[in-house]
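Per Swiss-Prot, the feature region 'Disordered' maps to 1-23, 59-104. Annotated topological domain 'Stromal' per Swiss-Prot: 55-142, 220-225, 298-308, 355-359, in sequence order. Positions annotated as topological domain 'Lumenal' by Swiss-Prot, on the basis of sequence analysis: 164-198, 247-276, 330-333. Look at Swiss-Prot and you will find 1-54 tagged as transit peptide. Annotation source Swiss-Prot lists transmembrane segment at 143-163, 199-219, 226-246, 277-297, 309-329, 334-354.
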Amino acid sequence: MGSAGALLSHSPPGLGGFPPRHHHHHRLSVLRCVPLLPSPAPEPLSCRHGRHLRCAAVDGGAGRETERPSPPAPQREESPSGSLGAALEDPSPQPVQNGSFGGITEDEEQSSLYNFLYPSKELLPDDKEMSIFDHLEELRDRIFVSVLAVGAAILGCFAYSKDLIRILEAPVSVQGVRFLQLSPGEFFFTTLKVSGYCGLLLGSPVILYEIIAFVLPGLTRDERKFLGPIVLGSSVLFYLGIFFSYTVLAPAALNFFVNYADGAVESLWSIDQYFEFVLVLLFSTGLSFQVPVIQLLLGQVGLVSSDQMLSIWRYVVVGAVVAAAVLTPSTDPLTQMLLAGPLLGLYLGGAWMVKLTGR
């Protein structure tokens, strides 16, 4: 019927039994169907969704509506373009349980700590994968190299142990302090102790290099870029702490003890206890100077922000005094204050550096 109507509406005047009329405009319009579905062949139109098919024919401006039940929906056939079938089909979404995909919640995906512990594959460098046995073998080799380097440094320091002892005695030697050997072999074991500390200090760069070389393949590209400043800053701060302890902290503490005993007793110190005091003070000060490095690591992971670090400055003051009392082997308040001051300054400097990084 649709084809016949179309032929009648487009036929020339005088054909099909309809004489030409110039004053009355009566024509049979094209059959309109709602909804209109394209069909490659003149087949009966049908709607897939809905119960009825409503058609309307207009003749001379007067509309007649016919209603007939729609036949059962046929199976969908692919049209030449394939767009109609794809538009009618609604893809079924994948079920989401508790707002998570694969057991990972959105909060975990947005957490900087989670991203630090479990980086995505795109951030990982293209390194060679190794089995657990290969890792253990590599760890064994690097430990062997570190022990060999420290052992060689200890032997070298032992060869010049007397010169090292004279250098460490310099802070109090000008004040007339005399060192005694109170037991047989005390000086020998003291030289071994001094050589061990100095050898560990000289071999620490090799140990640090081996640690970095072992953990570097497991780091992402961004973490590798961040590793260089951290290692360099940690090394500089460690040696700066040792230098500060040798030039400022140790002389101040030793002079306090000498002046306090002046006029009452003669200063005759055990060489073993003296070097125990000095070496522990040097290394504890170097370790305490690592506070800014720890702050940068915590800031990069996202655990603590710079504003949070600055908001607890009152507790930091108390903590610096307590840490100075624990780290210094002496019990005098002067040494504790001399160490607590730099610790507080390092903490504030570390918070400022974290703020510069945008954390």
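Residue positions begin at 1 at the first shown residue.
A Cβ is built for glycine as well, from the same backbone N, Cα and C atoms used for every other residue.
Residues 153-155, 157-158, 246, 250-251, 254-255, 258, 267-272, 274-276, 278-279, 282-283 of the same chain sit 6 or more residues outside the topological domain 'Lumenal' (164-198) yet have a Cβ under 8 Å from a Cβ within it. Contacts between the transmembrane segment (277-297) and the transmembrane segment (143-163): absent, as fewer than 3 C-beta pairs lie under 8 angstroms at sequence separation of six or more.
Per-stretch counts of Cβ pairs under 8 Å to the transmembrane segment (143-163) identify 199-219 as the leading one among 199-219, 226-246, 309-329, 334-354.
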